[in-house]
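Input: a single structure, listed below in structure tokens.
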Amino acid sequence: MFFDRYGYHGTSFEQSYRCYPVSFIEKPQIESGDKIIMPPSALDRLASLHIDYPMLFELRNDAAERASHCGVLEFIAEEGMIYMPYWMMENLLLQEGDIVRVKNVTLPKGTYVKLQPHTKDFLDISNPKAILETTLRNYSCLTTGDSIMVAYNNKKYYIDIIETKPSNAISIIETDCEVDFASPLDYKEPERPAVPTSSKAQSQVEEASAETEPKFSAFTGTGRRLDGKPLKQQPPPVSWSGTKDKEPAVSNRNNRQPSSGASSQSSARQAQGKLVFGSNVNRSKEKKQEPGKQAKQEQPEKKEDPKFQPFTGRKYSLKG
């Protein structure tokens, strides 16, 4: 192995150059690819070496410890200078006139690459895969961690290289490579709308559940004697619900206890704002009631059907 005056050695090419964007030589079409322009002395040395074609190079920024890979388009640059696309300079964190080291390499043919667009606008293109396939024809290799630029319809789309197989840097010249897409960097999953629950809907649900629940009815079964004999009279079934069931019981109690019922009714009939002394006044008022009114009050009582009274039957002893 030997070195010549340009810094080359016998089996590989490696040289440091100052880098500049391709806009300096007015060739904007180079921006849509990964090709660089090198000086003619590099071609002379590469021709004398036993290297693999197509020519592929590793670009390394030792100051920032960043590396990428590229191909070569022409050998027309000034000595000691190279021109490269601006997006490659951004990947390597290079400024105009910075030193970059160039080394020829051999890369395996790629079989798989996973891409991630920076914005979801790239997915709005009618056929993004076809546009990407057309753009990648201007590329010779891909490196994991780089961001390539796709120009379409006067707009630039940047895409990250997330994964490459079989190695971190692959050649995509004359090879069938499977391409996969990841979600864009600015993509957000749509939030599921919360179902509003109004007070009316809750009340309707509660009412419906209350209606479906069975109501409790006390003493709705049939009575049986302990000695096995049939009952002489079956009491009618009565449903107990609310205050309506309580009113008949109160009226029956008043029939069994006339003295207490009469005193309570007479006290209710006393006019407000008048003083009443003794029980003679109550008696005199009861005597003054006309017989017609008494008959009218007795009529609704006669029309009432006998109500069921629990625990009013006879009691029996288990001893016999």
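Placement of Cβ uses the backbone N, Cα and C atoms for every residue, glycine included.
Taken from TrEMBL, the feature compositional bias 'Polar residues' covers 196-206. Taken from TrEMBL, the feature compositional bias 'Low complexity' covers 259-273. Taken from TrEMBL, the feature compositional bias 'Basic and acidic residues' applies to 283-307. Residues annotated as domain 'Ubiquitin fusion degradation protein UFD1 N-terminal subdomain 1' in TrEMBL: 13-108. Annotated domain 'Ubiquitin fusion degradation protein UFD1 N-terminal subdomain 2' per TrEMBL: 109-184, in sequence order. Residues annotated as region 'Disordered' in TrEMBL: 188-320.
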Three-state composition of the domain 'Ubiquitin fusion degradation protein UFD1 N-terminal subdomain 2' (109-184), taking helix and strand from DSSP: 14 helix, 34 strand, 28 coil
Average pLDDT across the domain 'Ubiquitin fusion degradation protein UFD1 N-terminal subdomain 1' (13-108), rounded to a whole number: 92
Summary of DSSP states over the domain 'Ubiquitin fusion degradation protein UFD1 N-terminal subdomain 1' (13-108), given as helix, strand and coil counts: 23 helix, 37 strand, 36 coil
